[in-house]
Structure formats: structure tokens, C-alpha cells
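Feature list (source: TrEMBL):
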- 121: active site, nucleophile (ACT_SITE)
- 391: active site, proton donor (ACT_SITE)
- 297-310: disulfide bond (DISULFID)
- 480-488: disulfide bond (DISULFID)
């Protein structure tokens, strides 16, 4: 079925009168066209010098850097940062908790020889039609028809002024910083045999700009002399592994909604009653509005630097918000989803093809064979590979790789200990770095042992690094073994991944006629 989807970009873009027939730049490398950019509205300009409420009573003054995050939160006895509890709406932060293993330096004589990064875009405005936007427009429409009191009294003069989906200033900085960090990590791998590297992104404005800011951080402002940016159409009907949702209609079955909605009604019951008691007149307030208010805290903070919505909630309610997104992502894009493995299996196959230095010649899922069977657009001898995608797609990639460490079913009645914490997995500007490490001999799985190397030939290992912390492959892929460093011997990894691909019936998972099942019944990322 996916074979019918349009895989080329040239036939569509030739219709643009702005495109010269004599242009020497193929349109998949042209970053100036602006087609399929998605919503591009820009919101109100920040004025933090006037709107910042700091210094807050009873809290030591710490200057904003650049966001104001020192907001007092009720119940926050240990100074926990609520901006690290905002799930996929969290500004980027390295995962301090880790994923179950310690970090180890490379043994002497070893080297990182190859890397494949897939990065989320930076912090942005709310999506068009999102709950946050709906609440904001609802309040705008009810202006002067209601009265708010107490902590909500600011609504009497508040006005929603967000843009839609494009990067906010901190989002641009996040990607520039990520590029700089990646240069420090992997700069030695360049110069790519004297050729420009090919990086890939999509046509949406925030995706294109995220890639450009990253490349500016990695290479400097002259990055076009060292890299070519491939821009793949992000639109229904086009095969694009960086946005697999558009090639997998059953993603919209909404398996997680049962658990997700049930949990929201539970943890926000008290907050909703509080807010209803502060608003009178022509503004009816629902639990959905309360949930949207938490999202507005996140969006206003990254867009304007400070939001009055943030202090309205207790620490427990912010922990509940984080958990709600964990349920949503688990059931929508993880192992509790029937399309969890299928949605991004094409990207997994692209990574394996890069690792083994071959193009992809036949369509088996949502890959764009027009681009993936062409070494101009899909280089197979490139040691630095940079792709730019979305939060749900990165989780889908992890699911397709079979990282069952994150497959725990989350109850919708209470918060439990878990590995899938979206704040740690896909905050804004999240990045998954997949490294190949070459060693002169096999490396001891016990990294505390006296002998670092074991007898044997040169060996290559695969190392997953998510938001600057190792994801131990042996916890999910038993064949990799229980190594202190979380690595997996490369040949073993490739063999295991071929078996993972066999678990996926892409056509049935994405296009099959089956009924959605209640949240929690699916545990392996494939239909029952």
C-alpha cells in the first residue's frame, strides 16, 4: 500500500513559479522553497524585563537564564524543577537519572568511528488546534464576560498571544547548543573524506530551522560549505521516515486515550474544583481546561520567558502531568500501541543500511526509496549522519529497535516507577546518538575488571546514547549480554535487528482493518 504513496519531490515542486528550470540545486537540497512548511504564525514578543515576577517571596533570587524557572511551587520541599516534569514540553535538559548503567570512558586504543543522530526540533509554539490554543482562544473570546479571583485574577487582563508550531528563541538556542555539543563529541570524525556531509530534515519550518541552527552550531555560520541539507516533504501521501505517522493511518486509533483520559480526570480533580471556584460569569471551566492550563505554563515559559500559569499547580499535580504524557506516548507510539513497532521501522532499516554501507532498493514500509536508493541523497560511506524528526517518532524508533526496557504498562489510577519518562526521553531538542565503537580486541563486559581487553580480534560495538546517557542494549536485547557499559557487539546487534524487523507486519499494523483495543492489552508494539 505504501508503494502507492508519492516518493519523489520533484514533480510537486516544479509547479512553483519561483523555481527556475535552470536551477543547479535539486529541490530536495533547496532550503529556500518554503513548501509544506506547516503553520508559521509568530506570537507576541517577550517582555520579561516587565513581566517577570521575580524575586519571589521566600526564594533566593537567581537571574533568569534566559527562562524564569525559579517559580515557587506548593509541596516542592526539595526544590525539584517542574520544568523537568513537562514531558515532551520540557525545555532540553540532560537526563541526570540515566537509564540503568554508568557511563564509561573508551579504553585506550578504541575509537568512535561512526555516529547516527536523530534529533527532535527545539522548543516551539503550540500546535494548531491544540488544547493550549483552544483554551487561550476561549479565554480571549470570553474577555470582559467573566470575573476571575485569587490566583486566577490575572486572567481578567490576560490575553492569549502564542504563534503556531514554529521555533521560539530558546528552541533555536537548544539546537545551536546541540550542534556545538556534537562538534565537541564527534568533530574529529569530520572531514568526511573531503566531501560535504548530507543531513536530513523535513519541510516544516521548525524542522528546517532546527537543522540549520544545529549545523551552525556544529560547523559555524559557513556550514553550507561543509554540509548539504536534504529537505523531505512532510505531508500526508509522501513516504518520510522522519515523520512516519503520515504513512501509517492506524496511528490515529487512539489506543492510549482510555488510560490517558482516565488519569487526567483523577489527578486534576482537585485543581479543577479550585479553578471553578475562582471563575464566575461567562467562562465555564472543565478538567480539559485545567489540563490545557498546564500546557500553557510550558508554552508561555519557552515563548515569553515566564508564565503565571505555572504556580497554580502543586508539585504532585506537575508529577501527574508528566505521568499523563507517559501514558499517552506509551499507548500511542510505544509498546502499548498496535503501530508502535511499525510506525518507524523504516527508519531502523535506514540506520542498518548506513551501518552496512548499502542503499535501499525496494519499498517494504514507509521508506522513500526514490531518495534511499540514491547515494547522492542517501550516502552509504558517511561517518556523520544527522537527521531531524519529532518526539513521537523518536519514541517510535526506540520501539522499532526493540528497546523493551521501556515497555512497562502504566496504570491509569496511580503513578508507578517506570523507565518510560517522556521528560527524559523526548524533551524539546532530544537527541538519540547511535555510535559504532571500534576496539583492537574484545572489551571486557566487566568494566571494573583489571583486564580491560580480552583475547581476540578487533571488534566493533554499537552504543546508544539518549540525551547524553547510555541506553543499555542488553536490558532489552538479551543476545547483547549484560555489559556494564551497555554496548552490544555489532554483528550481534545487526542479527538481532533483522529479527526485530520480522516481528513487524507493517501493512497490517498501519493499514489493517482491526478494532482498537483498550489501553494496556497490547504490550509488544504490534496488533493483537
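Just so it is clear, glycine is given a Cβ too, placed from its N, Cα and C backbone atoms.
Spacing of residue 488 (disulfide bond) relative to residue 391 (active site, proton donor) is 25 Å (Cα to Cα, whole number).
Its Cβ placed at the centre, residue 121 (active site, nucleophile) has 30 other Cβ atoms within 10 Å. All protein chains considered, the CB of residue 480 (disulfide bond) has 21 other CB atoms within 10 Å.
Under the three-state DSSP scheme, residue 297 (disulfide bond) falls in the helix class. If you compare Cα positions, residue 391 (active site, proton donor) sits closest to 121 out of the recorded positions 121, 297, 310, 480. In the three-state DSSP scheme, residue 488 (disulfide bond) falls into the strand class. Using Cα positions, the member of the recorded positions 121, 297, 310 nearest to residue 480 (disulfide bond) is identified as 121. Note: residue 310 (disulfide bond) has non-local neighbours 71, 73, 82, 297, 301, i.e. same-chain residues 6+ apart with C-beta under 8 A of its own C-beta.
A 10 Å cutoff on Cβ-Cβ distances gives residue 391 (active site, proton donor) a total of 21 other Cβ atoms nearby, all chains included. Secondary structure from DSSP puts residue 121 (active site, nucleophile) in coil. Other Cβ atoms within 10 Å of the Cβ of residue 297 (disulfide bond), summed over all protein chains shown, number 25. All protein chains shown were included, and the count of other CB atoms within 10 Å of the CB of residue 488 (disulfide bond) stands at 24.
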